[in-house]
């Protein structure tokens with residue numbers, strides 16, 4: 001808490017300094033008021049002014065505000081840029097910076113000079129500029145054009161009432177002179193004063209048909225001379241509709257997915273409106289929001305790029321078609337229009353078929369490969385595992401071994417549900433039927449009932465007990481081959497006493513072997529021997 005008063009005092013002390021920072025614009029750097037620029041070069045004038053709030057700047061030349069209409073002048077945040085300076089650009093330039101607290105002005109004096117040779121010195125402030133030059137001490141240089149890129153366009157077409165500027169910026173030593181001629185005739189002083197505004201540029205304004213011709217600039221000094229010729233064509237304005245010149249647009253063929261273009265060249269007294277249309281094929285009218293009728297046919301209006309003016313007075317426009325499809329094929333129209341009417345010309349575009357059209361198998365394969373790889377691997381593996389488990393279970397079921405010995409009755413132990421009473425003998429026929437059905441006989445119950453008198457009464461309880469014990473497994477627990485070794489005769493249950501009983505149970509088997517007694521049952525607690 002003891003630091004709070006000190007912190008408050010510190011903040012209060014900073015407030016006056018922060019308020020003091022806000023104020024009128026001030027100079028951030030030194031400037032050189034006198035600036036010298038070479039003729040035809042680019043010059044930059046800085047305005048290093050700062051302030052809080054940031055000031056707004058405005059440039060003036062000889063008291064006239066410089067604005068966007070000055071084509072060679074550009075006002076930048078850091079200063080003023082003048083391109084291709086001319087002799088008339090010399091003067092006093094002022095940068096005025098203003099904010100809510102005041103204003104500040106930065107003054108420049110711009111001097112434009114021709115190129116001078118290295119051997120010639122500019123006279124100093126105290127030097128003398130008079131006297132004759134010593135030719136022996138001078139290095140002469142013949143004239144040369146310093147801006148050849150500005151002179152590439154030698155054929156110029158302009159309509160009546162427009163203007164044009166012809167440039168021949170040159171340098172040399174001694175300083176060259178320039179003379180303008182029209183159709184090899186020197187322009188008189190009166191004609192030159194009407195047109196020429198600047199030393200190296202001939203400006204022709206408010207052109208008339210008689211201004212058409214060849215204009216030549218001749219630049220010379222003691223070391224030599226050079227010249228350049230411009231052809232000016234002044235087009236007489238006529239009240240007529242535009243005319244499509246040349247052969248374009250022409251029929252075109254393009255590959256599927258390729259790029260092509262149509263071009264349209266229109267001659268008009270004034271800048272025309274050039275528009276591209278595409279004929280709507282029959283049955284596809286619903287694909288387009290709006291259509292227009294031209295000559296009784298429906299067309300859709302296509303996006304159109306810039307219209308370029310050509311030196312011969314015509315106008316050019318191109319329609320670009322990229323990644324061509326079958327829908328792009330058809331008839332296209334170039335329409336040129338002005339206030340007096342319109343003209344149009346048509347051409348056809350043919351799109352070759354796709355050499356590799358996509359097919360349904362490719363789509364299905366791509367969709368299948370889009371499944372996660374665990375699913376692709378897991379489904380077949382699971383199917384194989386389930387199939388193997390089922391096959392293994394079937395094999396184990398067919399090859400299941402006989403019941404273990406623990407299932408046999410123990411001596412002195414009577415299985416539950418068994419009884420020695422004759423009331424239990426009533427189930428014997430049904431059990432015998434089950435035994436004989438395993439051996440293929442359906443008539444065994446009748447034989448058992450018929451031979452019931454020969455078998456002792458004590459046989460049924462014991463036989464019933466033994467059969468009941470072993471039928472729940474549906475397999476034979478103790479078997480003996482009735483047909484001897486190597487016989488294919490089915491095995492016989494040991495619970496029968498002799499062949500008579502066997503034949504009574506299963507008469508259809510037919511072969512029982514040479515032995516008369518294949519087993520016996522002793523009444524010793526249910527043990528089988």
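Heads up, the Cβ atoms here are built off N, Cα and C, so glycines get one too.
Summarising the annotation, Swiss-Prot assigns disulfide bond to 47-95 (among others) and lists sequence analysis as the type of evidence. Its own atom aside, the Cβ of residue 95 (disulfide bond) has 22 Cβ atoms within 10 angstroms in the protein chains shown.
Within its own chain, residue 168 (disulfide bond) has 145, 151, 178, 200, 201, 202, 217, 219, 228 as residues 6 or more apart in sequence whose C-beta sits under 8 angstroms from its own. For 168-217 (among others), the entry in Swiss-Prot reads disulfide bond.
The C-beta environment of residue 334 (disulfide bond), restricted to residues of the same chain at least 6 apart in sequence and closer than 8 Å, consists of 244, 248, 249, 262, 264, 266, 274, 275, 276, 317, 319, 344, 345, 346, 347. According to DSSP, residue 334 (disulfide bond) is assigned to a strand segment. Residues or ranges marked as disulfide bond by Swiss-Prot: 264-334 (among others).
Across the residues of the domain 'Ig-like C2-type 1' (25-111), the predicted structure has a mean pLDDT of 88. Residues or ranges marked as domain 'Ig-like C2-type 1' in Swiss-Prot: 25-111.
As annotated by Swiss-Prot, domain 'Ig-like C2-type 2' applies to 143-233.
Sequence annotations record features per position, and here Swiss-Prot assigns domain 'Ig-like C2-type 3' to 242-350.
Residues or ranges marked as N-linked glycosylation site in Swiss-Prot (evidence: sequence analysis): 107 (among others). A sphere of 10 angstroms centred on the C-beta of residue 107 (N-linked glycosylation site) encloses 11 other C-beta atoms.
Here Swiss-Prot flags 227 (among others) as N-linked glycosylation site. In the three-state DSSP assignment, the secondary structure recorded for residue 227 (N-linked glycosylation site) is strand.
For 251 (among others), the entry in Swiss-Prot reads N-linked glycosylation site. Counting only same-chain residues six or more apart in sequence, the Cβ atoms lying under 8 angstroms from the Cβ of residue 251 (N-linked glycosylation site) belong to 347, 348, 349, 350.
Residues annotated as N-linked glycosylation site in Swiss-Prot: 289 (among others).
Per Swiss-Prot, the feature region 'Disordered' maps to 116-151 (among others).
Look at Swiss-Prot and you will find 405-427 (among others) tagged as region 'Disordered'.
Taken from Swiss-Prot, the feature signal peptide applies to 1-20.
Swiss-Prot lists 21-374 with the feature topological domain 'Extracellular', giving sequence analysis as the kind of evidence.
The topological domain 'Cytoplasmic' annotation in Swiss-Prot covers 396-529 and rests on sequence analysis.
Annotation comment: Swiss-Prot describes 375-395 as transmembrane segment, evidence class sequence analysis. Panel annotation: around the transmembrane segment (375-395), no residue of the same chain lying at least six beyond its termini places a Cβ under 8 Å from a Cβ of the stretch (none).
Rounded to a whole number, the distance between the Cα atoms of residue 107 (N-linked glycosylation site) and residue 95 (disulfide bond) is 6 Å. Between the CA atoms of residue 227 (N-linked glycosylation site) and residue 107 (N-linked glycosylation site) there is a gap of 39 Å, rounded to the nearest whole number. According to DSSP, residue 95 (disulfide bond) sits within a strand segment. Note: the Cα of residue 47 (disulfide bond) and the Cα of residue 107 (N-linked glycosylation site) are spaced 9 Å from each other. Annotation note: residue 217 (disulfide bond) sits in a strand segment as assigned by DSSP.
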